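A.B. asks: This is the structure, below, for whatever I ask next.
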Amino acid sequence: MGFPRILSKNNKIYTKLGEFCLSGDSFWIVCHTCQEELQTQDAFWKHIQDEHNFLHGLAKQEHGRNSSYCLPDVDAATAPANQTALPVPLALYHCAKYSEEEQREVAAAVELHEAQQQQQQQQQQQQQQQQLQQQQQQRDSAELQAVTAAAESSARSNNSGSGIDIKVEPTSLTLTSEIQVAAAAAAAAAAAGAAAAGAVTANTTIYHLSQVVPGPPPPPPPTPCFVTTPTAGGVSTTPPHPALAGPVGAGGNGGNGANATVMQQACGTLGMPLLGVAAGQAELVAKESNSTTASASSAVSSDDGERWYICDYGACGLKFKYKSRMELHRVVHSKERRFNCDMCSASFKQSCNLSTHRKKKHSLRGIKSELLPQRF
């Protein structure tokens, strides 16, 4: 078979003991000595070095086949076994079995194969670019449709919402005649403008501003100086002291003027302590309402038939099954501290807090408060 010259991809010519085979997307080299297929030229080069000692000039004796090598030194190396085998180096470029035309054909085949691979790669790249362009076009079309739909919906809403919105206040409010006349004139002008415009859409809002006409001033208080004091049952009117009334009818008009002056001074003098008493009673009522003895709300029946007591302090709204528990809970809302410590000035809302204070601060155990809690 000889030494074929193989043209590699890097345009280097090698003389090797093998045959170059090209098929589809790959090529391989078949060793002529052992018929082993190798994928790359480097592997084939290593194979002939390690297995057949090609570069070392030693031809193995186990090669049974008569090779048609074009080297006389190889024939001498393959002599009978009784003769001494001399190490003769083998020349690489000595055989010229394959002509230059065949080498050109092999080179052309390799170039054609590389060109085909490049074309396939270019085609794949073009297909990928086309797919990307199609996807981008689809996205653009979808966005355009969405924008168009949004514009149409906004236009429809504007067309449907166009018109004149008239907001009229309730008739129970008192309006002056001038405001009513002005509002009627504005409504008539708006209606005339809308009829003249025709297809022109406009949003007009007319507000009837209501003005509360102040009523007549209250009458002045009565001349007699009567003091009003709050009582448990209601309001009582106390007449002035009889000594301050003075003589009536004897002095004529002059006497009446003097009596009026004396009455005004007496009313100013007596009004101050009476007002102080009224303020003290109001504070007492406020304290009673803030204390824990305030009247609780009545029991409320639930769906399951049970009666619950609800705390009516502010927005608390907690429910209790027993009234005593609810009264104990109301101490939380109260500002009153009924339980005072005998050892210091501390005070507490609940007796348990006082007991804890005595145990921690004064080391007193088992001593209860002498103060009796208020009965609910």
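All residue numbers here begin at 1 and follow the chain in the order shown.
Using N, Cα and C of the backbone, Cβ positions are placed for all residues, glycine too.
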A.B. asks: Select from 97-119, 143-165, 281-303, 327-349 the stretch of residues annotated by Swiss-Prot as region 'Disordered'.
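C.D. replies: Feature region 'Disordered' in Swiss-Prot: residues 143-165.
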A.B. asks: What does DSSP give as the helix, strand and coil breakdown of the zinc finger (309-333)?
C.D. replies: 8 helix, 4 strand, 13 coil
